[in-house]
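Undergrad: Per Swiss-Prot, the feature FMN binding site maps to 74-79, 121-124, 157-166. If you look up Swiss-Prot, you'll see 331, 365, 397-400, 415-417, 421, 430-433, 610 marked as FAD binding site, on the strength of sequence analysis. Summarising the annotation, Swiss-Prot assigns NADP(+) binding site to 530, 531, 536, 537, 538, 539, 540, 572. Taken from Swiss-Prot, the feature domain 'Flavodoxin-like' applies to 68-206. For 243-459, the entry in Swiss-Prot reads domain 'FAD-binding FR-type'.
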């Protein structure tokens, strides 16, 4: 749609008269002001992405050469936020730039880009973020086109605590080069505490881009680009984020597994009254938790520290115990932590572990930090500041939102499975899950923010059918989906596949699902209970046994949604889906994999995995 199709001639003339009087900085300010107005109107038919440009944007061929394409591949929002910052800096520098998420960009056209800046995080065991999977598979296929005309820059985010640090970015970087693209700047790999390094990187990138693209955008060129923008509806956003969370309050917490269950799962409701916080089905809730004081003082005693020592964190002085409660990850051990402690302590157990990566990884996954100090001898006193520098910075935990805002109003719901296990007779718990279930009380304050997930959205057309596949707490977003579909009076059919341990103990939200089924809103439900018989039954088995009908739904346009564990459940479910299409769609396995990749591109196959 062109501007002429949106504004009358009189409106366009009045707008041009005003714009001609504005400086570049005034235009930049105005663009942000107008974006805010658009985002505050939920009923508008026109909107833009958070970057200020539209999704699905295609530039005319004569504009591509002098346009910087910024693509972000994000799992929890970090890469996307950096891309937005860079985009703003490029525009402020007078450069023509367009921002996309990896899921928005028509990846087969990537070889036509003149200047590409690619910013990605790493997910799981070195995989790219979910929204970048289709692009990743295309680039590493024989179908990928050469990229000789493309100059590129890659920024890769990761966590040095893990074996596959920044691997997704490294993979993209090497593949761009293998396809003939020209490196404009060496890849930069950043750890979890990245902001200061990001600022330096952005400054360098803007300088390089200004040198690469001599022509600075004029007002006329700005108008030409706007003529190519396709506007789309966008829901409102708020200013709450990881750095500036909302203070919410716990309204209700209810255990939703039986007392006999091997799992301890709870439904939590938070009060967000008056905050203006908005969310959609499919979004995630970020929660800043606090460590257990008992765990903190157990660790301090093992290290002969009092907790009253002064330490520096984020340029602030505070007592060590406060820093450990609020700013350090005490529950997840990592190879980097073990290596640091081994170097200082010279403990033989840890030094031997460093010689075998597999044994080191196994030790980290089974031995929490505090348990490690029970097992080793410290030949040197660890200082309070050394401890702070060794431990990973605390990061928020993310939970799939289990409510539709149009149903629950100024509340937000999540589903939490508490991590509990015993080591050497001592009970250990997960940091965030035990905080939410064991330590937070009704009406206590919780620091939260919404992480938008445009890669896990209901179909825009309510007449389209959906298939929901979840295991354990992976059922949470489907509760929000069904609340929304019921309110929308969606005519599309709904089919739920759900798996857990036992029917009598672990059927999460059972009454709600039965109510939806009896009312006809939920058309089909297939459950898999892995411990209810001598042999294991999982959701992927149910997919295979319902393969013919599943294929029929897919052929009729159904959207497929998967939520659950990334390492096992999501992998096995995808293999089952590939098998179903191969058998009932009369395809070989390669063709079936291509089919699901195309389903991803069409946003008909979406996953929320963790």
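For all residues, glycine too, the Cβ spot is worked out from N, Cα and C.
Keep in mind that this is a model prediction, so the values were computed, not measured.
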Undergrad: By DSSP, how many residues in the domain 'Flavodoxin-like' (68-206) are helix, how many strand, and how many coil?
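TA: Within the domain 'Flavodoxin-like' (68-206) the tally stands at 55 helix, 31 strand, 53 coil.
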Undergrad: Work through the binding-site residues one by one (397, 531, 536) and point out the residue whose CB has the fewest other CB atoms within 10 angstroms.
TA: 536
Undergrad: In DSSP terms, helix, strand or coil for residue 539 (NADP(+) binding site)?
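TA: Residue 539 (NADP(+) binding site) sits in a helix per DSSP.
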Undergrad: Let's check the environment of residue 165 (FMN binding site): how many other CB atoms sit within 10 Å of its CB?
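TA: Neighbour count, Cβ to Cβ under the 10 Å cut-off: 19.
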Undergrad: Quiz question: given the binding-site residues 162, 399, 538, 610, which has the greatest number of C-beta atoms lying within 10 angstroms of its own C-beta?
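TA: Within the set of binding-site residues, the most crowded position is 399.
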Undergrad: Give the maximum pairwise CA distance in Å, whole number, for the residues 530, 531, 536, 537, 538, 539, 540, 572 listed as binding NADP(+).
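TA: Overall maximum Cα spacing for these binding residues reaches 18 Å.
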Undergrad: Based on Cα distances to residue 432 (FAD binding site), point out the closest of the binding-site residues 77, 121, 530, 536, 538.
TA: 77
Undergrad: Which of the three DSSP-derived classes (helix, strand, coil) applies to residue 610 (FAD binding site)?
TA: coil
Undergrad: In whole Å, how far does the CA atom of residue 539 (NADP(+) binding site) lie from that of residue 74 (FMN binding site)?
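TA: The Cα atom of residue 539 (NADP(+) binding site) is 28 Å away from the Cα atom of residue 74 (FMN binding site).
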Undergrad: Nearest by CA distance to residue 610 (FAD binding site): which of the binding-site residues is it, out of 77, 124, 165, 531, 536?
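TA: Minimum Cα distance from residue 610 (FAD binding site) across 77, 124, 165, 531, 536 lands on 124.
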Undergrad: Does residue 530 (NADP(+) binding site) have same-chain partners at least 6 apart in sequence with Cβ under 8 Å from its own Cβ, and which are they?
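TA: Sequence-distant Cβ neighbours: 499, 500, 501, 536, 537, 538.
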Undergrad: Within the domain 'FAD-binding FR-type' (243-459), what mean pLDDT does the predicted structure show?
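TA: A mean pLDDT of 95 is what the predicted model shows over the domain 'FAD-binding FR-type' (243-459).
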Undergrad: Under 8 Å between C-beta atoms and at least six apart in sequence, can you list the same-chain neighbours of residue 74 (FMN binding site), or say none if there are none?
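TA: Those within reach of residue 74 (FMN binding site), by Cβ under 8 Å and sequence separation of 6 or more, are 80, 81, 83, 101, 120, 121, 129, 131.
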